[in-house]
């Protein structure tokens, strides 16, 4: 009856609310919960917050009925004395006050229950300190809670906030449905299931403890508030404030965007209390604009607004949402935007000096001590304002105009931020010290401020700010926002567990660990790593004394926390703290320097500061001046008197001065008398005066007194709405109207300042204290009654519609206890007041159990509130969310909170209730070492022998942790009952286990105690047995201690007689236990006690094997030193080395091998250490063993080798190591590699490498075998992720095979392989290119052209492709011409030019195609070497096969020259094919390397200017202009040196070029030209002289225009050589007159071409092909004829690009000069520079010395064309004959240079370069040149290739070939005696000359050189190219010849040969050439390419 009536009274008829039954865990049955949740949810707004009843106060804020506990309250409380009496009592006390619930409340005003939750939470968390039960009871009020500091949530935000809360931020997690934070966690999980947010939050919580799913389903409010509320006390969302904006915000922010643990926690203190710990939403809210509505208000609306903000926070850059730490919102009402800071520089100076001092006892921090109002907070705020956090000052300083009476000129900007200096605001005289001193002091202040990284204000009226968890969390949040510590922020973002560690939940559970591991250790590490500045940092803490007001029953205050932690602070992290003088004792443990602000008499600076402030106030206000001046005058005397009087009264208090001046300024004080009697004498009188003025009558004060009472009693700032609701909660009749309330609040606005979050704080802590307490003798007027405020707040919480969250529940309990409204009733009613209070709280909320078990109340319990909760029906056996869902008693036992344990036991908590791990409270207490709690529990008959799930009893737990006293107590306990009950576990077993546990952990005292136990009643069971193993771990004491390395315990045990050989249960003896762990000191101890160093275990393993297996090097070395045998084997035949290898311990392997271990020992399975190491997979061990003689091909009994094992185990690093060491890939290897794509790739790559190696060595057949084998082994399937890699690998293999097949003349297969590659990789331009080469080799020019067009589409910038394309186009034309009767040589040249130029690879192309090209380059070399020109004699001569090294860049130039589009204007590369072609070509060394065939081709073909000289050289192919069209410019390959001579000299450049041997073109053509252009006597070119060939060619038969070989009209042909000087030209001296004549026209032409080429020096060399006499007196024609072949070739070969492209210097050929200007037979000819102009001649002569010249001289004209090209200035040798095969490279080095220049491209550029020389040579070899010459001219392989472009001026390869044979002979025979002398086109020397270096004359040498040239020049293509056309008559020999020609490129290429090439030789050559050309290609020689394919 009583309960019901009371309930009806309180609830206003609503009896739905029930308290949780005290029994079992849940406060209400799950179904009911569910239903209520559902019902609430149904009406909750978004976020699950109920819009109706959720609101703390709905429009009607009737107080919800107090729920009755389900289990009858009577049971717990006992039957009430009399229902009626109790009911009457409550009615009397409460009834009148409560009356009916007030139903109407202004929507905005509704006060949420959340506030209550927060308060409650705080209360729970904190013990009620004597000063304030509130404090202790409430950790932090939720924002919405009446006490909450958080701004109320706006209506829209409400819903969201709530949901946010529901979602539970990490903090909120704390508050779960279950009471308390722990409950929060639990609920949190449930909610998590329901909300994604929750999910995130759960993670964090999870880390802390198990979260129970929130039972938020009960009601929307439940869900919302609950989760929120309960989860976070701080959230107190349930109270209107927090939930609405904060929770929502926090949740939304934290939950949605970040993981739970990252979710921002409401930074409210309450957060940890029963409200959600993680919901610091209120803090967030504070950050946001304050919302007026209470959290409880309709959530949806509130949440809406809040949500948007939250979203902003979440997604906006604001702060990366991932940082979940949220700073507390601090507002300091006493600091306003108008506050002025004056003076006190001395304080900063002293602080700075102390912090920088070297005295470690005081440099860690400073304590600023002063009385209230003395400026401590202002000093801290000043530093904050000037610090990196200065922007947050707006949050600290209050904007409120009422903040202080003085708001006259409120400058919006914080003065603190401006940091006015004392002297700035005061008359200069008033400031202490000189300006310099002041400046230094101000600098000190700014320096200190710059070091501030965090700050914290403790405010007694905002409990959250006084709690340690919030302090830690706030400091961490500010640290990570400090710009100096960005590295710390990044680390928090990188390591989410650190954020979790700093979550409010973690801070509540263990603030010290959180601070140490989340702040101090990371900062220390960052400092060591120099990631943060190496300077001091400062943390500011204001008002340590304020925090004492909220001191918890258990746990630290901020001061005690700092005292314990300061020892862990790094020396560079300083603290500046402030404390009130009266409480300075609390800081005595801090080793800080102290600065006193109130010792006015001792410190003159304080007086000066006060004086400055007074002066500032007087001067800054005319009102003050008027009020204090006597007779309207303000004289110094008056001022001094007033100043002195005020300073005396203030005693140093700035607050007193400020308030007094405010009164004077406003006219409330008028100082007209000199006695100043009206001035208040103390701060108390100032407040009294202010109140008297504000409230003149008692009734006026009575109207506002309830508001002040509520504000004083609240734990945190409340919004106006909350205060309004709280006041109305106490009215029975007629509620206060909102307008009336607002009016009253306005009257208080100067005392209760509105913060940004719309909550109200007292203007100053001193005013709050003045309202509560007065000193003796002071007037008691205006004293407030905090009890009344507590009562109103308690009623307000009771009337909340929704269920209170944990924080609010604890706040409610706090207020109920503080209100104490039943005081004195117990006697009257017969019911104890505590029972009545329990009934009250049980009727007011359902979450008692959850509040009791909230995190904050678990870790910082409020004993009184907890008792109240238990009285109200909280379940004392409620399972928490921590310690494996341990019951509350377990947690309190673990924490050592004796009072709480006693309280729980008093109310009958289950003493043996266990957590999920099976531990009981006794186990927790024993493990933690709390003897008092162990005793308490044992008195309650806790089971001593209870075993947890690990089989450990409390005694073992105590022994494991070294708690001797607990061990002693437990052993003395009575185990009999327990033993009888269980019948299994006996005390003796426990003691034995305890012995092992203590021994393993090294607790010698416990071991000794247990061993010395008395033998009770003669029963040995009591005493532990030293040699027995226990029943738990199976260890003996000695094996346990030895295994854990406990040396002292081992000594003790051995002294006590422990057996050294006594094994444990597994049979392991102590020696093995310790060896396994590597404790060599204990090994030593055991050995000294008789252990055998070589003893073996059951498997035959010795300690040495064990140590080696485990990798303990120190132990291994120690055992070896102690005589351990290194050769012993275990039962498997494994030695110590085998074990070390099997486990991959390199250091041990090294040690054992050094000590003589056998590396070839085989075990019983035949496995050597290397096998085992390969099995393990440590490549370093494998490498070491192989280096030390291990057999790499050893086969074990199963047929496996180390490589096979490594493959089988997929140890790729070992596979690679073994393959590098030469391991063979056998069938087993392939078998093991099956389905291991990574291994297959390695093996196939190895095969490909081997193939590449053979290929480069010229062993094409072997290379092809390797590639074929690799393809055969290619896996059919199972590529998986490696599909792309395998495809690329296969494409490479196919392309390589294609190359090899082409080299092997198997063009069909080559084409087929390239096609397969295309099928695999349709977009592969390399494949198109390879197939085109194959088709070209088989003379399918049209098809090759198609492929090349495709390739050029795919890779438009690849010069190799471009060059080959041009050549193939030229060849196509030539083909057409060939089909017709051999046209005059001129025609082919036309075609040639196109072919000639191969596009020069661009770097990018090079890399992609490089392999191909390089290989081709190599191929060409190989081919050059391998394939001899079929021409019989020629090969040998041409063979001065110096295989011209691939054309060096010089060659390229030549190529360029020839390739110049002018084609017709072919600059003559005067490179002697012969020895000049040698590497030196040197002398000439046009940058282009010796031209490889490729180069030659390019020479013929104009090559892009960018092409290297070699390429230019390559452009040599010129198609001779039609016979009739001499005047026309045709790109024609430079005629072979012989042919060229005449052409060049006589014919216009283009035409002369056209002279190239047309296919039919034969020497005749040259002769013709020669005749035409012969000049009477051509002076010998210096080249010829230099060539050391005195051979002046006797007049060659001048006109032997044989066959179609037409010499161009004797127009001077301009030979453009890239070489700056016309050395080349000069070397072939052409009579100036003749040349001059022709030169001009040519020059003009060439110049234009040159311009195109961009060759700076390119010189037009006139080759006076018009009959002239060479210096020797031969008719110029002859010379021309000889020269024409080369020169023309060269000339034609020059491209614009070629000429200009490379300065001679550019070509690698620095060597150009180095080589003696030997003019190989061909060389001289080719170089026979036709200097058309005197300049050219001069240059050439001068350049002879110069590299350019030397090229000219050395190289046969034909050979050198490439070389010459590089040097535009150098004229090309007139002789074209040899040139045909060769490219002239300007530099003798050209070959080498080419290689150097484009090693990567070797294939491309080098080949091209080489090609020029080679090409002519090839052409010759193929067409008509002697085999030798082709060789010289082209890459060895080139000769085989028939050139479409006139080679050496002969287009028809046949002609060339024919020429070659003759030339071959002749070339050697004829030498250009003078520079004029032209080498016969065929002379091998000339041909080879293009190569930069002169290979040995022998064919082999030639081959070598060719190879080199090819490699360097990369242009072998032309040889190949030409050979098909008219391979040398000899056929394959032609190739050789070309090669030889290239080889000849050495200058060495037997000068003799060249010399022999006398005129007669030349004549013969010409004749032969003409014949050959007429004949056409005699033998189809497949054009061979230089090794480098790039040279087409």
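Every residue gets a Cβ built from N, Cα and C, even glycine.
Positions annotated as region 'Disordered' by Swiss-Prot: 1-85, 129-150, 419-442, 1372-1403, 1436-1588, 1786-1805, 1824-1845, 1970-1992. Per Swiss-Prot, the feature phosphoserine maps to 169, 238, 294, 400, 1444, 1460, 1532, 1547, 1581, 1724, 1826, 1829; the stated evidence is similarity to another entry. Annotated compositional bias 'Polar residues' per Swiss-Prot: 419-428, 1471-1500, 1794-1805, in sequence order. Residues or ranges marked as repeat 'ANK 1' by Swiss-Prot: 846-878. Annotation source Swiss-Prot lists repeat 'ANK 2' at 884-913, citing sequence analysis. Annotation source Swiss-Prot lists repeat 'ANK 5' at 990-1019, citing sequence analysis. The repeat 'ANK 6' annotation in Swiss-Prot covers 1033-1062. The annotation repeat 'ANK 7' is assigned in Swiss-Prot to 1066-1095 on the grounds of sequence analysis. What Swiss-Prot records for 1099-1128 is repeat 'ANK 8', and it gives sequence analysis as the kind of evidence. Per Swiss-Prot, repeat 'ANK 9' is recorded for 1132-1161. According to Swiss-Prot, the feature repeat 'ANK 10' maps to 1165-1194. Look at Swiss-Prot and you will find 1198-1227 tagged as repeat 'ANK 11', backed by sequence analysis. What Swiss-Prot lists as repeat 'TPR 1' is 1244-1277, and the listing cites sequence analysis. Annotation comment: Swiss-Prot describes 1291-1324 as repeat 'TPR 2'. According to Swiss-Prot, the repeat 'TPR 3' annotation covers 1325-1358. Among the features that Swiss-Prot reports, compositional bias 'Pro residues' is placed at 1380-1390.
Long-range Cβ contacts of the repeat 'ANK 7' (1066-1095) within its own chain (Cβ-Cβ under 8 Å, at least 6 residues beyond either end) map to 1034, 1036, 1038-1040, 1042-1045, 1047, 1050-1051, 1054, 1060, 1102-1104, 1106-1107, 1110, 1112, 1114-1115, 1118-1119, 1122-1125, 1128. Within the model, the repeat 'ANK 9' (1132-1161) carries an average pLDDT of 93.
Within its own chain, the repeat 'ANK 11' (1198-1227) is flanked in space by residues 1165-1166, 1168, 1170-1171, 1173-1179, 1182-1183, 1186, 1190, 1192, 1233, 1236, 1238-1239, 1242-1243, 1246-1247, which lie at least six positions past its ends and keep a Cβ under 8 Å from the stretch. Tertiary neighbourhood of the repeat 'ANK 8' (1099-1128): same-chain residues 1071-1072, 1075-1080, 1083-1084, 1087, 1093, 1134-1137, 1139-1140, 1142-1143, 1145, 1147-1148, 1151-1152, 1155-1158, selected by CB-CB distance under 8 Å and a gap of 6+ residues from either end. Per DSSP, the repeat 'TPR 1' (1244-1277) is made up of 26 helix, 0 strand, 8 coil.
Taking Cβ pairs closer than 8 Å, the repeat 'ANK 9' (1132-1161) reaches residues 1099-1102, 1104-1113, 1116-1117, 1120, 1126, 1167-1170, 1172-1173, 1175-1178, 1180-1181, 1184-1185, 1188-1191, 1194 in its own chain, all 6 or more past its ends. As a summary of secondary structure, the repeat 'ANK 8' (1099-1128) carries 17 helix, 0 strand, 13 coil according to DSSP.
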